[in-house]
Each structure stands twice: as C-alpha cells, then as structure tokens.
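> Sending over a structure as structure tokens; questions will come in a sec.
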C-alpha cells in the first residue's frame, strides 16, 4: 500500500509540474505578442491602422471591372448578302435538275419566285442570273447551259470565216477517208488475233481433256492445270502493268486496236495533228482524234 501511494503521488506531482511550465511559457510569450500587435496597429506619423480600417466605406468601393470579350456579329448588309447568295444557289440547283437545255422565260420566273419566296425577289434574282452569265435569256427563251451556246457560236464563227470553196475541205475529206480505211484494217487484224486466241484456248482445253481421261489421270493433270491457270493470271497482270488497262476481253481489244492503228498510221504517213485541226475547223461539234499511245 505504501508503495502504491508513493507512485501515485509521484505521478500527480509530475503532471502538476508540466502544467505549470506550460502556463509559464505562454506568460513569457504574451508580452512579446502584445508588443508586436501594438507595433503594427499604431503609426508614429499619423492615425493608427485601426482608425484607417474603421474609416473605410465599403459601399464606396467599386467592384473590379469585368473584361468583356468583343462579340463578332454580322451587319444588316452582310446578312442580306448571305441570304441572297443562298437563294441564288438554291435557284441554280433547281435549274440543274431540269433535263431540258432551255425553258420559257415565264417558267424561269416561276422557278426564281418559288425559290426566293416572293415575286419581287424572284424578278431581281432572274435579272442577276442573266447579268452574271449563269443563264442566257434570248427573247422568251432561257438557255440553261451557256457553255453549249458558246461552243455553238464559236463553231458558227469558224464556219463563217471559212470560204465556201476552201481547198482544205478536200484535204479533210482525204484524211478522213484514209483514217476510215486505217480503222477498218486495224479492226480486221485485231479480230483475227482474237479468233486465233479463241482457237488456242479451244485446242488447249481439248488437249487437257484427252490427257485427263485417256492418256493420264486427274491426279497428274490437277497440278498441271493449276500451273497453267497461274500462268494465264500472270500474263493478265503483266498486261495491266504495261497498259494500265483492265485485263478483260474489251480492254485487250481496245489496246490491240490502238497498237495496230498506230502502226498503220506510221506506215501510211497519216498526219493526225492536221486531221484534228481541219476537223475542228470545218465541223460544228468536232471530235478530236487522239494519237494512240
């Protein structure tokens, strides 16, 4: 019992000594803190900081200005311009859907009025399309494809500039006759080559059938047929690489026809540049001939 009392008394004394030391530490710090507080709150040359804070009128302090970002907008004239452009494109789209090359002026006005919404804007749109060259208005007829009119006028001007008894017409007739004979001969040669190819394939098929059912067996002919088919595919691939043409019967015919046509023209001394020049001069809608490559 005596030992327990001694230990308990010792613990109580230690606790009391710790609390006393803490209070003495804060007592030592408090005068220093008060001194710092007075130093910041008072000013030797004017009113102290407390009076300044109390004298501030909060309602007189204006809030910070907000930065307003400029808003990009369209003016009335720009809006009208965009609306007019939209209406014009809408009218052009309606005109492109018409399969005919020309319509009456009344139908043209109706299309413009339906696209624009009223008669006044439709009339203005029709005049704008006429002035811009999108259509050609001649009397009561409106031509929807001005480029065709331009080509026709160009051909007519060329024809009127040519004399009725121009000797170049005879030259064009001779060149056209020579070209026609060259085309006929080239076509005949190519058709003969294609018939030879058909005969070769028929003989090859008959030979493989005889070897399969009479001479040999399918076990022997199966790899042979596979390799022959592969060789045909390789030949078609080489044809495509050299000519950039699809390896079909039509592509083969066209390519062989161009090759034979070129050789025959060189043999007969045919001037294809002169032929194109005269053809465009004396023909209303010329079809230019391209030299075979």
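Backbone N, Cα and C define each Cβ position, glycine as well.
Annotated Ca(2+) binding site per Swiss-Prot: 222, in sequence order, evidence recorded as similarity to another entry. Residues or ranges marked as motif 'Selectivity filter' by Swiss-Prot on the basis of similarity to another entry: 218-226. The transit peptide feature in Swiss-Prot is assigned to 1-5. Annotated transmembrane segment per Swiss-Prot: 189-209, 220-240, in sequence order, evidence recorded as sequence analysis.
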> Identify, in sequence order, the residues in the chain of residue 222 (Ca(2+) binding site) that are 6 or more apart from it along the sequence and have a CB within less than 8 Å of its CB; answer 'none' if there are none.
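Set apart from residue 222 (Ca(2+) binding site) by at least 6 residues yet with Cβ under 8 Å, there are none.
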> What residues in the same chain, six or more past the boundaries of the transmembrane segment (189-209), come closer than 8 Å to it by Cβ-Cβ distance?
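Here the qualifying positions are 221, 224-225, 228, 249, 252-253, 256-257, 260.
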